[in-house]
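**Q** One structure follows; several queries about it will come next.
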Amino acid sequence: MMPYISKNAVIIGRDRKFITDNVTVEEPLQISIENENRIYNVSVIMRTPVDDEALATGFLVNEGIIEPDKIIKVSKRSENNVCVSVESFNEDLLKNRNFYVNSSCGVCGKTDIENVFIKSHGIVRSQSRTDHSIILGLPDKMMKNQKIFSYTGGIHAAALFDLNGNMISISEDIGRHNAVDKTIGKMILKNVYRMEDSILQVSGRAGFEILQKASMFGVSIVSSVSAPSSLAIDVAETFNITLISFVRKNRMNIYSHPERIL
């Protein structure tokens, strides 16, 4: 399935024009777990249909439902169904969550926000630093690699960089939290389970769910082009993550642990 399709539109300005416009596809994805020959339907996620295996992997790990080293295989059983076979999983956590996730909300189904803090792998220990000029250059680097955005102008992105500003992984999705799950999921599928000396750059704002997912992967710096939320700042403070927002060409705001930025 293509991540974008053409739709008819009408432009109204000085003259009425009929055009064909590219729009980002939003479709449901069923995510399942297979364990001991039994299938568990975990979640239906509204997403853009690209990198589905990475999305399912990142979602399940970032939600604390599975541990990355327990994954046996990830398979796409149909166009809108991905199944992750695992040695074991967190059955209690699965029972305590209503897993319908729309493309704009990654935390909507959680019955207790405190549960999100419980499943983290601990605070980030890395004290490695990077120069502010590297942070300022990340949004443009990410934008140049946003292939779907160049066609539709309506899709989020998330990218992992090393502390020298080299891109490691990038993903796009109509949901910003999905883009993060995809980006982290790609690394997990390469058997990389934690990256403390890394920067997560996201389009849009830095909400709670973005910081929660970053903490699960051990990311030390999160950078966003728009505003943070109060709870995102709280998570960053708690897990020793440097949170930077309003990143522009010559300025940025640092909301937590500024000592990592030179």
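Positions of Cβ are set from backbone N, Cα and C atoms, glycine also.
Reproduced below are the annotations present in Swiss-Prot:
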- CYS105: active site, cysteine persulfide intermediate (ACT_SITE)
- PHE246, VAL247, ARG248, LYS249, ASN250, ARG251: Mo-bis(molybdopterin guanine dinucleotide) binding site (BINDING)
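Quick one: where do these features end up spatially?
**A** Taken residue by residue with DSSP, LYS249 (Mo-bis(molybdopterin guanine dinucleotide) binding site) is part of neither helix nor strand, so it is coil. Taking the Cβ of LYS249 (Mo-bis(molybdopterin guanine dinucleotide) binding site) as centre and 10 Å as the limit, one finds 9 other Cβ atoms among all the protein chains shown.
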**Q** Within 8 Å of the Cβ centre of PHE246, VAL247, ARG248, LYS249, ASN250, ARG251, which other residues of the chain have their Cβ, at the recorded Mo-bis(molybdopterin guanine dinucleotide) site?
**A** LEU136, MET252
